[in-house]
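Listed in TrEMBL for this protein:
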- Lys65: active site, for sulfotransferase activity (ACT_SITE)
- Lys65, Gly66, Gly67, Thr68, Arg69, Arg148, Ser156, Tyr256, Lys271, Gly272, Arg273, Pro274, His275: 3'-phosphoadenylyl sulfate binding site (BINDING)
- 27-47: compositional bias 'Low complexity' (COMPBIAS)
- Cys257-Cys266: disulfide bond (DISULFID)
- 58-265: domain 'Sulfotransferase' (DOMAIN)
- 27-50: region 'Disordered' (REGION)
- 1-22: signal peptide (SIGNAL)
Amino acid sequence: MLWTVLLALLVLVLLQTQLSVCLRELRSGNSSPHTSSSSSSSSSSASYNGTQQRLPGAIIIGVRKGGTRALLEMLNLHPDIEVAKAEVHYFNVEEHYRRGLSWYRSQMPFSLPSQLTVEKTPGYFSAPLVPARVWDMNPAVRLLLIVRDPAERVVSDYTQVLHNRLTRHKPYQPLEELILQKGHINPKYKALQRSLYHQHLSRWLEVFPRDQIHVVDGDALIQDPFPELKKAERFLELPPKINASNFYYNTTKGFYCMLTAGHDKCLDESKGRPHAPLSTRAFKKLCHYFRKPNKLFFEMVGRSFSWC
């Protein structure tokens, strides 16, 4: 009888040990980068295969419809970069900002200590409170600003909003009615205000030194990505790992796609979408309106661009 009881206890101990092992394996399997990014727990001690979620060392701050997604995806070709796949909107959305840096960190990808985490949210550039908030997070963070012809940017901005509204079966005013009032430029139009680069950059330069902000030519990035990516690599102090062979021109899509490890990747179909119609007269007025703001921006960044 005693031996039967002892044998039963031994079997029970073995079963309990096996159950503990299974539970540990289950917890380990649930801590993948994909599931952890949606968790509100974001302690830097959380790890996965030797990696951790880290606050970004570089942020693409804008501009909206300037090529931020293209820049992020192209930088992601570099083996020493890990990027946040979605726009976080931490610094410019109060609900997110109130959640604190632990929540922000939880939105970042898992990376190795030698890798640079990069986040992009184009809404940061024009939001007044963001520069000081980013500085409070990390005064040494590197900032990338990608710009394009501001008049073209306005049209692209409108085109995206129009597409979103049509998708939801909602009406939207023609672009010309929003841009012009009684034949004159309407300065209250938000898409137009986002293209006043000098106003927004001045707020960033009140907080960050100029050499901490790298300006990327968005038009040049589309026409020939490689030279712009080399400049970005140098700014981020990364070894040159992105090559001209990582890019090829897709004649069907009409823009460059990426090639790495034998696999190609193109931006989604929303990129390169035909612009909404705008009369030549209205576009010329738009170009004229931006001449003085553009000149001020050129002086601030110490270079000029071939804009209308």
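Heads up, the Cβ atoms here are built off N, Cα and C, so glycines get one too.
Among the recorded positions Lys65, Ser156, Arg273, His275, the residue whose Cα lies closest in space to that of Cys257 (disulfide bond) is Arg273. In sequence order, Pro122, Arg148, Arg153, Ser156, Asp157, Gln160 constitute the residues six or more apart from Lys65 (active site, for sulfotransferase activity) in its chain with CB-CB distances below 8 Å. Comparing Cα positions, Cys266 (disulfide bond) lies closest to Arg69 out of the binding-site residues Gly67, Arg69, Arg273, His275. Cβ crowding, taken as the number of other Cβ atoms within 10 Å, peaks at Arg69 among the binding-site residues Arg69, Arg273, His275. If you draw a 10 Å sphere around the CB of Gly67 (3'-phosphoadenylyl sulfate binding site), it holds 27 other CB atoms from the protein chains shown.
Averaged over the domain 'Sulfotransferase' (58-265), the predicted model reaches a pLDDT of 95.
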